[in-house]
Amino acid sequence: MSIPKQPAPAAAEPLLKVEGLVKHFPITKGLLRRQAGAVQAVDGLDFEVRAGETLGVVGESGCGKSTMGRLITRLLEPTAGTIAFDGRDISHLGVAGMRPMRRDIQMIFQDPYSSLNPRHTVGTIVGAPFRLQGITPEGGVKKEVQRLLELVGLNPEHYNRYPHEFSGGQRQRIGIARALALKPRLVVADEPVSALDVSIQAQVVNLLDDLQDELGLTYVIIAHDLSVIRHVSDRIAVMYLGKIVELTDRSSLYAAPLHPYTKALLSAVPVPDPRRRARRERILLTGDVPSPISPPPGCRFHTRCWKATEVCKQQEPPLTALLPGHRVACHHPEEAPTEAVREGAPA
Amino acid sequence: MTTAPTAGGAPTSFLEVRDLRIHFPTDDGLVKSVDGLSFRLEKGRTLGIVGESGSGKSVTSLGIMGLHTVGQYGRRKARISGEIWLDGKELMSADPDEVRRLRGREMAMIFQDPLSAMHPYFTVGAQIVEAYRVHHDVDKKTARTRAVELLDRVGIPQPDRRVDDYPHQFSGGMRQRAMIAMALVNNPELLIADEPTTALDVTVQAQILDLIRDLQKEFGSAVIVITHDLGVVAELADDILVMYGGRCVERGPAEQVFHAPQHPYTWGLLGSMPRIDREQTERLIPVKGSPPSLINVPDGCAFNPRCPYADLPKGGITRTERPELRPVPDAGDGRPHLTACHLPQQDRTRIWNEEIAPKL
Amino acid sequence: MFAYIVRRLIAVIVMLLVVTLVTFGIFFAIPKLTGADPAALYVGKQADPATIEGIREKLGLSDPILVQFWHFVSGIPAGRDYSGGGSSVHCDAPCFGYSFRTEQAIWPVLQDRLPVTLSLAAGACVLWLVGGVITGVVSALKRGSLWDRAAMTVALGGVSLPIYFTGLLSLAVFSYGLGWLDGEYVDFAEDPGQWFAGLILPWVTLAFLYAAMYARLTRATMLEILGEDYIRTARAKGLREPVVIGKHAMRSTMTPVLTILGMDLGALVGGAILTETTFNLPGLGQAAVKAIGDRDLPLILGVTLIAATAVVVANLVVDLLYAVIDPRVRLS
């Protein structure tokens, strides 16, 4: 490949900086329960999230995207690597050490049914962060909770209702209100809309959008749906078997993906247009994602890649910037993008 | 060809459903899961039924299979009325054991989650063999050969070995392939796929959609695909039926429904989903509110509380009178395109062309 | 799988050692703490000081508790001699202790009593399993029907009524009132007919309690299983309803039932105290009651060990059975 390597454009100090992040879940076996292997859920991630942007993380099941979300919110302890939030290393902070950080980093979960305690009222759920942190907001907890409910588009008078009295979309709003209670700077959302009906998904996507504008939030949004990811993200990381294979801004990724996996993924998305059925070219990947317990050597995608050669089986391609701000981990990236696309890519 | 007559003789279509109603009495009230649904389907064609949770789309498919009541042990029985004609036979008035004998042989079903839809304690092969032997008087060995043959056909590698695996030893995509093999083992003429790819990854979804399309060509069966995903129906369906609140709000050729949709709910669905095949839009156009409870379906048009155009027709008719399915004039190639909406045709055409289409 | 079994067996042995140590510790250390003379406890109140001193020496009661424990444990496979005070008693292997009250080794007593308890448990188990599961399945299939409500009401009664009530009631009616079935317990080898006749009432009484619990468990499990997707699939294949229920649903329903069954059986072998007492069956439970009354510490220790072994082994068997039933356990 003759694409010159260029230094990435200098950016402002990132809000979140992740280097060499690894999470292995050990598997034990045999009489003495020796460690026989590990689920290499996340295996060496490097990325940063800039203040005010939305980083979308997309990939198929087993690619480690949810584990990554739990690592950067420190619900899990990393096996190796560092996570720096606002310049401070939080990789191995204990529960006590994380408590003040919890104000700045919040998480929204996928399932609006199981992530809310059915025995607590909405007021209790949304107000819980205040109690846990020992904070009394201006005007009292109740007033603040009602303000939050209104912010996410719920009726503040429903303060005393229970989660089961709300629909799925409304419950997801409750989860969002809870996450926003302490005015976090970073919100990590793991599949925030995938459990919702289509017509409700759009409401929640728009809400997340509005809240970002209004509160200056930084998002990491994890999802398997490439259309949703494209809609919400500024930059996108594509993950495959515990690794980032491509990381770039949204328009470059969708207009000119460089990694074969990204290309295949995009071509597989069913498009709601019967006219395109006949004339679209689709790259059909064969087989399934290999097991993260024994990922293939070299490039992890080589077992399903139509471009794989000998080098792919032996050497792991590093994630390098082939174009400014466009990092790819591939020995045989797609052709250099055409002029038209380059114009489309923001500087 | 307009709305089906409620009391006619045997139809000429392969499958015809007439005024199907399935209501479940519960402690909270009567759940009107399906409330007057009619459609027809020919062999070799695919009908896509689209709707959100609680629209009645899955109950419809269970109703056709005669599976809506079995399993309702001792509870208050579902109330079902209407006609279901399959290949010249009316199923609703048929003897339940006769319908059972059609199940799996003439009509088969693929379910959403292949892991929970297969019995965890029996091998994949045993489950396919069982499906074959209910309807064919053959010995186990012959049935096993048939099972291996079908696993091979749906693309399971080393089928003679994998036939003895248990479902949990298969990956998600392979399980769905095995499920398809099980459904096709008796060469059914009607195949119902209920959210066949919802539990799968995108790349695997593409494989399964391709497989279903190929198999339909090969077997020439009639297929009903039930899904909430407009992308999936656009990939597979010749005709589309949009369900809302237990009723059909729009039905027509796929091309028409996607490119000249008539019902505001269809517009809402199209506007709600981010699309990868179009220019990036700044904002999605959501449908306000949530889907109705099937116990308290709103009076008039069920969609009226969520419809931005509910006040356009005169006299508040949208809130009092339920709109009937009516044909849309000059709709494409002669196949009927119907919609149940009180909006006058010219308003609908104008709103779609001027307000909705440009924003998609 | 092999490694798993070996690991489980090691765990069983460790578990039993711990149970023994704890029981041993309680029985042998508490008299010391309360200031009573343990040696005196072993012979009874009217013994003279010389005899007590002899017992103390025989049992090594002055040794540290771990040494005593070692003597006890090593006696199990090897047998043991109790000597001191000028006399010596031999206890054959397996030696589970020696009662100086009754001047008997413990093991023969346990050996004598265990078959009675096993007969009681096994027979009752068959009855309650058949009765409970059938009732539960029918109730589930006819949910909300008159049968279901009646069966569940009776089951509620069965669960709430104590054994001594139902037992005495059945004795009063069938044995004293009608004069049927008033035989004493005899060994199976001696007279199978009499063995059977003597056990019918205890079986039914005990089974009634458990059948009630199993009916409720089976009903709840069956209802849950009937809602599973794979039952819907079985029906969609066109299987006949009896096959759907009998093959597909039953196989899954039996899993939790077997789990509970293993534990219940284990616990019962330790002694169905109430049943044995009510019906005067010379089983382990009755022996335990008697031993407690007599403060016969070695016998209590012996019965406790048998009970603990039964529970631990039953658990192991259930876990292994699980692997047979559920391929997901077997293969991972």
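Each residue's number is its place along the chain shown, starting with 1.
Every residue, even glycine, has its Cβ placed from backbone N, Cα and C.
Those TrEMBL annotations? Automatic predictions, nothing curated.
The model shown is predicted, which means the values in this text are computed figures rather than measured ones.
What TrEMBL lists as transmembrane segment is C:9-30 (among others). Listed as Cβ neighbours of the transmembrane segment (C:9-30) (distance under 8 Å, sequence separation of 6 or more from its ends, same chain) are residues 38, 61, 65, 68-69, 72-73, 297, 300-301, 304-305, 308-309, 312-313, 316.
The annotation domain 'ABC transmembrane type-1' is assigned in TrEMBL to C:114-322.
The transmembrane segment annotation in TrEMBL covers C:118-141 (among others). Long-range neighbours of the transmembrane segment (C:118-141) within the same chain, counting only residues 6 or more positions beyond its ends whose Cβ lies under 8 Å from a Cβ of the stretch, are 147-148, 151-152, 155, 188, 195, 199, 202-204, 206-223, 226, 245, 250, 253-254, 257, 261, 264-265, 268-269, 272, 275-276, 281, 283.
Residues annotated as transmembrane segment in TrEMBL: C:153-175 (among others).
According to TrEMBL, the transmembrane segment annotation covers C:195-215 (among others). Within its own chain, the transmembrane segment (C:195-215) has Cβ neighbours under 8 Å at 119-120, 123-125, 127-129, 131-133, 135-136, 139, 151-152, 154-159, 161, 163, 166-167, 170-171, 174-175, 181, 183-188, 257, 260-261, 264, 268, 272, 275-276, 278-279, 281, counting only residues six or more beyond its boundaries.
Long-range neighbours of the transmembrane segment (C:257-279) within the same chain, counting only residues 6 or more positions beyond its ends whose Cβ lies under 8 Å from a Cβ of the stretch, are 114, 116-118, 120-121, 124-125, 129, 133, 162-164, 167-168, 171, 185, 201-202, 205-206, 210, 213-214, 217-218, 221, 285-289, 303, 306-308, 310-315, 317-318, 321-322, 325. According to TrEMBL, the transmembrane segment annotation covers C:257-279 (among others).
Annotation source TrEMBL lists transmembrane segment at C:299-325 (among others).
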